[in-house]
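Undergrad: Questions regarding the structure given below will be posed in turn.
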Amino acid sequence: MDPIPEENNYMSSLYNTGMFQRQEEAEDTNPQSLKSFKGHRERITRIEFNPNLKQLITTGNDAVVHVWNYKKNSRPYVFDAHKGAINALSVNPSGNLIATGSSDKTIRIWNNSMEGFNKALKSHTGPVRDLCFSCDGQLLLSCSDDKTLRMWNITENKFLATIAAHKNWVRTCHMSPDSTVLISGSDDTTIKLWDSTTCEEMACLTDHTGMINSIRFHPDGSCIASGATDNTIKIWDARSQRLLQHYDAHGKAVNSINFHPSGNYLISTSQDATVKIWDLRQGSILYTLYAHDGTTSAAAFSTYGNYFATGGQDTNIQIWKSNLESNNPEYIEFFEDSVMKETKVINTNTDQAPNLEGKEDHKVIEGDLSKAPHIEIGENQKPVPEAEPEEKTLLEYEEVPEAFRKTLDKMVFQLDLVGKTVGALEKRLNYSENKMTEVLEYFKNIDNDGNFRDIESAAVIDNSEIVSKLSPDRIKKLIDFNERDEARVKVRPNEEVDDDFMRETNKFTTIPQRKF
């Protein structure tokens, strides 16, 4: 953490006044990987725990919402009304409504039930990037690539206001716990605070040098956290707009951030494929998790912070027991009964530790990455005991025989491969259809004698710009197709055509044959 003396002193005063509660005797155990879910076909974009402690909701670039039920033997609800990637997700405080925002420019409000009834809110003129329910569940805030914030009253089914917020795309937004202040972050590198009643700008924060990907209010509304493509995380005072803490957080862009319910910790994801947990009281990194292949894009704590979930480019959703402080003995039996025990622990020194003030020792937990996550831990943390490997699958039903479970896992894997193959074939068919359309348009402009009716119309085909540069008397030709669907030029008898002309015409008359 970069030294900011005044702000750090101010942060200490916040701790002393009880804004952040210290826990001197925290549990000396690391995050435990409990469970994996796999159902999305493309990158995970958002993760939220249902406040009712019974479900996990996820969205992805595959335009699908998955509602995972913790009860054993239960299948997830799958909602698929969107026509584009889902970029935004928010769950109301009672857990019965789910709001999603998509690249199809719509917001959908779903009934959290098997039927998945939903209504669409169509107001934005660009992809919807972020959503936030108010703490009472009555208001919904949205932001979009159309550079605006929009606010809705969900209980009265009424649109409230539009705020022309930024000069560039608005990627993230959030609402204070008392719903009086709105914040927005944009590709123009600024963060703005707004009065939710008057919709007037209250402040503009300009310390970031990259696009703002994620902003969140502290659970008590006193602070604001932001993560950006400049690889940094910043903590601001919400009242004075002073910068309190600055972290050179990741090796690449920060994709998302979220506060722990206690307000003492922050979790972040990044394009550098790591998930990090930060201790805001000490101003230092607590854990670095290597749990995913490729970019990590979503992470969220459960209602009381006993658990957290992570997801990313590999489409895998990982559930963890946080072992951080909690104000409630939250316990989800489904997760606890399926603890993965493959982690092998080795304490070493490493040069991968961030350059944090007063944190020279940085220990590493390494393991077989094909089975267990790789975790880096801070100086004051102790590793978990070494445990014997134990094979686990996604279908952990005690009453199902081991051989049958393995067979089902193989079937699921094969079905996933079939789905990907069908997707590839679809893309190829679309490519062929587009090419055939271009060829038909080309032939519509040739008469029976092989002459172009209108020389300018030859420019319809993308690869035939050369035709528009030739004179009409030099392009009289007949085109036929050989058995390999390869176009060739047939020159009229007694017509003298030089070699340069033949080379030029071959450029636009040859249509490549595509093999499937």
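Using the three backbone atoms N, Cα and C, a Cβ is placed for every residue, glycine included.
Automatic, uncurated: that is what TrEMBL annotation is.
A quick note: this is a predicted structure, and the numbers were derived from the prediction, not measured.
Sharing the features that TrEMBL gives for it:
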REPEAT    37-78  repeat 'WD'
REPEAT    79-111  repeat 'WD'
REPEAT    121-162  repeat 'WD'
REPEAT    163-195  repeat 'WD'
REPEAT    205-246  repeat 'WD'
REPEAT    247-288  repeat 'WD'
REPEAT    289-321  repeat 'WD'
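Relative to the rest of the structure, where do these features sit?
TA: Here the repeat 'WD' (37-78) has long-range neighbours at 84-91, 93-95, 98, 100, 102, 104, 110, 112-114, 116, 295, 297-303, 307, 309-313, 315-317, 319, 330, 332-335, 394, 396-397, 416, 419-420, 423, meaning same-chain residues at least 6 beyond its ends whose C-beta is under 8 angstroms from one of its own.
Here the repeat 'WD' (79-111) has long-range neighbours at 42, 45-52, 54-55, 57-65, 67, 117-133, 135-137, 140, 142, 144, 152, 154, meaning same-chain residues at least 6 beyond its ends whose C-beta is under 8 angstroms from one of its own.
For the repeat 'WD' (121-162), the DSSP counts in helix, strand and coil order read 0 helix, 24 strand, 18 coil.
Beyond the repeat 'WD' (163-195), the same-chain residues lying 6 or more positions past its ends with a Cβ under 8 Å from any Cβ of the stretch are 126, 129-136, 139, 141-145, 147-151, 201-206, 208-217, 219-221, 224, 226, 228, 236, 238, 241.
Same-chain neighbours of the repeat 'WD' (205-246): 1-2, 4, 7-8, 10-11, 14, 19, 171-178, 181, 183-187, 189-193, 252-259, 261-263, 266, 268, 270, 278, 280, 283, counting only residues six or more beyond its ends whose CB sits under 8 Å from a CB of the stretch.
According to DSSP, the secondary structure content of the repeat 'WD' (247-288) in residues is 0 helix, 24 strand, 18 coil.
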Undergrad: Grab the same-chain neighbours of the repeat 'WD' (121-162) for me: Cβ-Cβ under 8 Å, and only residues 6 or more beyond its ends, written as numbers and ranges.
TA: 84, 87-94, 97, 99-109, 168-175, 177-179, 182, 184, 186, 194, 196, 199
Undergrad: When secondary structure is assigned with DSSP, how many helix, strand and coil residues does the repeat 'WD' (205-246) contain?
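TA: Taking the repeat 'WD' (205-246) as a whole: 0 helix, 23 strand, 19 coil.
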Undergrad: Within the repeat 'WD' (79-111), what mean pLDDT does the predicted structure show?
TA: 94
